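Student: My questions all concern the structure below.
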């Protein structure tokens, strides 16, 4: 298939994905503007709330549909109310980037900035639609659960599939549009110099996405993690939020629900989008070093290869969509687990069939990767068959990785259960010590497998093989994204059923899905972390092609050692600033309000108060995000100018290694803490005394930071984009 055929396939699939999302919205009534949304939700939920199962001590308003619908509407309104602040912050960040970095350090400041603005707008659009969809789907899943857990599971699957369809269609569609726009305007004859400019401009598109992500991802992420930490940490030891104890103030409940609703989905979906576009930009960077590719008429198809494969994979995932409840059995307790596992198996088989049926026909038959000023540090004459093997190996190792992560962190794992039982008995130091032990121990095997994969694919296809392996490694992200949404939505819905005292039948169905799907949310997180590492090494290889010595001689000089140290330390300092911000923002919450015994110990809040409260906390969180962005930018520009090209490549290597170590250890440790808390919650609900909240300030605060939203993927990609786009300036400074 020539470049035109590949382009037609990509465009058609992107259109299908966007149409699929909006058809889902229309079918679910999301686009209808009801005169009173609270009345609409109230009518829908009226049959799901019972009186017989309510605790005698519960205050009456917590069981009224109108009261519950007001809470749900307030959650959505408080998050949606941030849009103006987010937009203004994004405009300010882009303007400052243009003044401080773009004009002084990048050769094509205005065209680069134009691409960055388009990237930021793309992230803004995606964040808006995900937030609105996720908010409304909270109650829709509960409404479906009154029929059967298959209906509720199927609805969550539909919503997740629609969001992931929008994710890849919007991001890839805009990437392809901007690529051909840049080629038409600035590409010229598409010789090496012109194509190098186009590749830098596409880095600008990714840079804009990351800058927008600092607002729409990191701002929300820090706000929600601090809300979670404060909500749990400030609840007294004898109170248990999960059973609806009314001694907890209304503001605490609202803050808890807002943090649950807004945090997870947008953070991890945007990470997936960043990694996908990062992969596309890496392909553009590495083909600069191949004269065969640049001289070929098929070069555009080669560059669009990862997008083409993912678009073909999307067609295969539609088969999974129609098999979403293939293991339907009302009597089976592991209903959700069986369906999730079969989804992964079927998706992997479909990906393999696609990989065999469409054998990388978009590739150049044989190509050599070699820069003008370098020795032969890579392999010559590699064919498309070698790329196929790299893709397949990436797929296989991804399945191995997610299986290990799921086993190490699930509440079915004996180690996780033991930690849950230990915290249940109030052995407070045990959870942190045990989680550190598990994080260090269990992250070793996935790390060894990752380095084994790198060694194999490098021997097959050199640094280019790493990018083909990354394409295979992330090829199942559509299914993982759907599974992640099921876990996130069922978790939020279950907490709402406990909060508002739903009838036991509805609560039980939601709980079964939540209890099982919680274990599989790690699939998407682990895949994002592993793919970012593979793509990072591929980009480092592309930079080494332009450096006059090979990798083994990079650290002979002081610049290499100092750059390695700077890059390694950079990511740890970023993480430290993030933790510092969460602690300070969480400590500043005044969540407990004076209670009034005559009013059932509940504190009523007007809409304006919680909305203004959320806006203030978002602004407070953005302050610490600004500290992090400012620190990374100054360090990279300063040391890049001092150390030159060699030092900047060493900074990339150090940052890549540090992020890999932190991500894998954090995923194991944090997810283990979370799932042990879930196990602990269930065990404590079977006892006379509830110990859950006693350990939550210790356990869950750490779990939230370590696992839910590890902040390093956007900072890693931002560092790479900054180093690559300023590389010519660094080289001039070195001379």
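Just so you know, glycine gets a Cβ as well, placed from its N, Cα and C.
Taken from TrEMBL, the feature transmembrane segment covers 6-27, 87-106, 112-131, 198-216, 266-288, 300-323, 344-364, 437-460, 466-486, 522-541, 561-583, 623-643 (among others).
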Student: Before we move on, state whether the transmembrane segment (437-460) and the transmembrane segment (522-541) share at least 3 Cβ pairs under 8 Å, counting only pairs 6 or more apart in sequence.
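Tutor: Result for the transmembrane segment (437-460) with the transmembrane segment (522-541) is yes.
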Student: Excluding the flanking five residues on each side, which residues at least 6 beyond the ends of the transmembrane segment (561-583) place their CB within less than 8 Å of a CB in that stretch?
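Tutor: Contacts of the transmembrane segment (561-583) (Cβ under 8 Å, skipping residues fewer than 6 from its ends): 222, 225-226, 229, 555, 621, 623-625, 627-628, 631-632, 635-636, 639, 643, 646-659, 662, 704-705, 710-712, 715-716, 719.
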Student: Can you see whether the transmembrane segment (87-106) and the transmembrane segment (266-288) are touching - at least 3 CB pairs under 8 angstroms, only pairs 6 or more apart in sequence?
Tutor: no
Student: Which listed range (6-27, 112-131, 198-216, 300-323, 522-541) shows the maximal number of Cβ pairs under 8 Å with respect to the transmembrane segment (623-643)?
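Tutor: Ranking 6-27, 112-131, 198-216, 300-323, 522-541 by Cβ pairs under 8 Å to the transmembrane segment (623-643) puts 198-216 first.
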Student: Same chain only, please: residues at least 6 beyond the ends of the transmembrane segment (522-541) with a C-beta under 8 Å from a C-beta of the stretch. Say none if there are none.
Tutor: 268, 271-272, 275, 278-279, 281-282, 285-286, 344, 378, 394, 398, 401-402, 405-406, 409, 446, 450, 453-454, 462-464, 466-467, 469-470, 473-474, 476-477, 480-481, 483-484, 649, 652-653, 655-656, 659-660, 663-664, 667, 671, 707, 710, 713, 716-717, 720, 724
Student: Report, as numbers and ranges, which residues of the same chain sit near the transmembrane segment (266-288): CB under 8 Å and 6 or more residues beyond its ends.
Tutor: 123, 126-127, 130-131, 134, 163-164, 167-168, 171-172, 175, 192, 195-196, 198-199, 202-203, 205-206, 209-210, 213, 216-217, 220-221, 294, 299, 302-307, 310, 369, 371, 463-464, 467, 470-471, 474, 477, 481, 484, 524-525, 527-528, 531-532, 535, 538-539, 541-543, 545, 708-709, 713-714, 717, 720-721, 724
Student: To the transmembrane segment (300-323), which of 6-27, 198-216, 466-486 is linked by the most Cβ pairs under 8 Å?
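Tutor: When the Cβ pairs under 8 Å are tallied, 6-27 comes out ahead.
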Student: Give the nonlocal contacts of the transmembrane segment (112-131) in its own chain as ranges (CB under 8 Å, at least six residues past its ends).
Tutor: 21, 79-80, 83, 86-87, 90, 94, 97-98, 102, 106, 163, 166-167, 170-171, 174, 178, 182, 200-202, 204-213, 216-217, 262, 265-266, 269-270, 273, 725
